Ligand SMILES: Cc1cc2nc3c(=O)[nH]c(=O)nc-3n(C[C@H](O)[C@H](O)[C@H](O)COP(=O)(O)OP(=O)(O)OC[C@H]3O[C@@H](n4cnc5c(N)ncnc54)[C@H](O)[C@@H]3O)c2cc1C
Ligand SMILES: Cc1cc2nc3c(=O)[nH]c(=O)nc-3n(C[C@H](O)[C@H](O)[C@H](O)COP(=O)(O)OP(=O)(O)OC[C@H]3O[C@@H](n4cnc5c(N)ncnc54)[C@H](O)[C@@H]3O)c2cc1C
């Protein structure tokens, strides 16, 4: 099975994240770049499927040069090779542009299964997997907490507000995963060393047959017109429980008309 | 006045509160047209939608719309966008509705904004990003704006609309029938409101100590008519089901009141609850970062404080 995992580099949530004042896009220099957490679960799931069914795992990322750190981490976990979509023309792409670029690349490199995280921690749009399914005209199997492949049949459990739906489809397909699907492995020392020798192919917009008029900030379907840091919350009242903490909290709730 | 399509969220035939919020918002932007997709439509649903301002109600209540993942609903909306030429399409910022919005955006070649907390003049959306740290204004520059609005961001107001019903026949395409829902499994959730919709959320964390002890969190929640949430430490430990996790990799909630018990307030937890209007924290560690956010904090053992609070609330009702 030919599995492609989409992995995004995001600013570390633990550092202060900012937008750039010049073009209002994500300030990638302000914070450390890390692998989007859910994408580690996506890589893990791809590796498990490969271990069970054979095949190959390719990592695909779209991002600036420094996103190669993200690729290396996925390769160290055990992915076989990587494609790095990197081109200044891609800077500032919105979800439609990003999905166009990734879909074109996926068509070019071929796949039986595409695995993504269900949401990134920076933009959090949660639309990419659905958009890829739409663009590639393949089944959308998203928000999976369980994936089973049997020949060309694929079944997932799609997490819902009330529990889950069991969804059936056949390959090729797009899957997105939630955090409870597995426990991602740590790269071993051997894995880290091996990753250095694994092939990473760099593609630009023209190489991947991406329509330059559909990507980049200037061609985006949406724009940020303004932004500002949220005003800090006013300091609250902190009391120590001296046997009456619950009652005091109730007084507070009553003062705010919650009870 | 142009139509504004509002995709109705419904469960077991009941219109969800977020839809009333979207209708309230849509009234400022044009003439609200509710779009009902999937089975369960009733006179009661119609009355509710009209009460909150739906001028039109498009009804596509065949079963096959809901029997396949997301794609049929995106097809339905695309069809309505082409026939009604609305000023905008509003959906709730829930996991599934955002996916519908995403597929629709591609079908109609239009921009999509997710997680709006308000929409103003010129269809400029307010978004709260980076866990509530930055406020952004954004707008769609190509096509028909598709905006996913966060539940609980808009106060609901009734204002009757005509509620003219229009049946829509959709032939779900073969392309949209490739991911079939073969079983729906409902996990016990009791009578509590849904997490993202609830006006009050009571969450427990590692400090709760066990699955059994989550009953004290549930009792407090029930005394307030609240939903129950949990930190990742609690869901990872298996003390509470994953779908109740609040935070960066869980649900984002913006209730009127958020009570955090035995939760330290890690940045990833804060990312999912920071925009709550009022925050109350109960934690035995006075240095816990959750107190930096709290409007009211009690430093103490939750095993004492939470039951006492529950009792006080019941007494004062
Ligand atoms: C704060 C912020 C808000 C934004 N809001 C919007 C908006 O409202 N509308 C809009 O159209 N765009 C928006 N964008 C732009 C958006 O971030 C990019 O288009 C992005 O590449 C895709 O969105 P996402 O990360 O939210 O995708 P999600 O759908 O949340 O990500 C799901 C998965 O897609 C995969 N993935 C995402 N990006 C890449 C990538 N570059 N390379 C490889 N895999 C990837 C990963 O597996 C990821 O887990 C926003 C950006 C920021 C920084
Ligand atoms: C990429 C990433 C994504 C994440 N996503 C999420 C997410 O979506 N949601 C989330 O919640 N976390 C998330 N986390 C985890 C997050 O970093 C924290 O580990 C988690 O929130 C901690 O949960 P907690 O506060 O319950 O536990 P702890 O941090 O262990 O805190 C427990 C608190 O309980 C207090 N306590 C203990 N006993 C008592 C008692 N008897 N009475 C009163 N107080 C008591 C302690 O003083 C302590 O402050 C994520 C982490 C990463 C790296």
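Sequential numbering from 1, following the chain as shown.
From the backbone N, Cα and C atoms, a Cβ is placed for every residue, glycine too.
For reference, TrEMBL has these:
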- B:206, B:231-232, B:245-249, B:262-269, B:283: FAD binding site (BINDING)
- B:4-185: domain 'Electron transfer flavoprotein alpha/beta-subunit N-terminal' (DOMAIN)
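Here the features listed in TrEMBL are placed on the structure.
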residue : record           : Cβ within 10 Å
B:206   : FAD binding site : 16
B:245   : FAD binding site : 26
B:248   : FAD binding site : 22
B:263   : FAD binding site : 32
B:266   : FAD binding site : 19
B:269   : FAD binding site : 27
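Proximity to chain A (Cβ-Cβ under 8 A) holds for B:248 out of the binding-site residues B:206, B:248, B:263, B:266, B:269. Mean model confidence of the domain 'Electron transfer flavoprotein alpha/beta-subunit N-terminal' (B:4-185) amounts to 96 (pLDDT, 0 to 100 scale). Secondary structure at residue B:263 (FAD binding site), as computed by DSSP, is coil.
DSSP assigns residue B:245 (FAD binding site) to a strand segment in the three-state reduction.
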